[in-house]
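Annotation source TrEMBL lists transmembrane segment at 12-30, 56-75, 95-114, 126-145, 157-174, 179-197, 247-268.
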Amino acid sequence: MVSQGGHILQGIIFLSLGVWHLFCFFATWVKSPLEYTARAWYPVGLLPARYKHLELHILLFLLPLAIFYDLGISAHFQPQSDGGMPTSSIMGFEHVTILFMFWLFALTVLVSDATSHLPFPSEGSFLFASLAFGLQWLSITHSASQRSDFERQCSTLLAYTALASAVCSGLLVIRPRAFLVNLVLCLSLILQGTWQFQMALSLYSDSYVPIGCRFSPVNYGPGDFTLLSTTQCEPSMNARAVALMNIAFNCHVVASVFFAVLTFAIMARFKGHRRSASLDQIAADFELESELVQLNQNKLSFERR
């Protein structure tokens with residue numbers, strides 16, 4: 001399982017990425033609904049051109065930090081008495097492969113856009129992201145099966161957000177103009193970030209662990225290291241703790257949706273966009289196309305005469 005610091009660092013990454021994509025996504029759609037197309041990353045337009053790929057550079061910097069934290073700070077590589085690798089180390093390597101997959105995604109997209117050495121299609125970026133989120137979902141699901149009921153529920157809820165990101169990224173490969181799909185993708189990124197913070201508090205902080213539960217860190221000393229640090233609940237309090245996490249997750253979903261709706265309303269107001277404006281534009285384009293068709297028909301009829 002990821003340590004408290006690992007959850008916090010990943011929460012910062014996913015929350016920042018989700019909020020950034022939500023703002024850029026809404027700004028692009030409000031500016032021109034008819035020309036809108038989803039992007040796997042967004043250039044920074046307010047800064048000079050050399051900072052265009054700032055989002056990708058930040059990911060390439062933060063993801064190795066998360067990998068270093070998991071491998072160098074929170075991991076314990078003392079071998080077991082039989083010389084085998086501890087279970088905690090194996091699970092740590094499994095999690096590192098996910099972070100490396102996201103780092104490889106950012107590197108591939110950066111090289112593809114900044115150079116001509118890797119002519120990667122734009123749809124391929126979403127396919128790559130879908131594979132990364134799918135791998136994350138599988139890893140979280142597998143690790144959750146080895147935990148207590150309380151921890152399993154926390155990880156299962158996190159796995160739902162990763163699965164939503166994987167499905168939406170895959171759908172954007174074939175439907176890059178789907179507004180609602182991109183919206184759900186942004187919400188899933190935000191939700192994954194906020195839920196990482198929630199897990200860091202509810203699983204590792206004594207002040208936020210539900211009543212009847214306690215965090216039991218493993219003292220890594222000489223000997224066997226098959227046990228993992230865990231948050232255990234009393235049998236009579238386990239159902240209560242799980243219900244509290246379900247309520248907390250619902251609150252995270254409601255807060256994320258409210259934030260998205262409020263953000264869209266504010267941006268639409270400042271951009272001067274109205275829903276009828278796009279419909280009027282569509283109607284005007286349709287009327288213009290009808291007039292062109294009528295003119296062509298009249299021209300053909302005149303030539304036949």
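Every residue, even glycine, has its Cβ placed from backbone N, Cα and C.
These numbers come from a predicted model, not from an experiment.
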Long-range neighbours of the transmembrane segment (157-174), counting only residues six or more past its ends (CB under 8 A): 38, 40, 123, 126-127, 129-131, 133-134, 136-137, 140-141, 144, 181-182, 184-185, 188-189, 191-192, 195-196, 199, 245-246, 249
Residue numbers, six or more beyond the limits of the transmembrane segment (247-268), whose CB comes under 8 Å of its CB atoms: 22-23, 26-27, 30, 157, 183, 186-187, 190-191, 194-195, 198, 202, 274
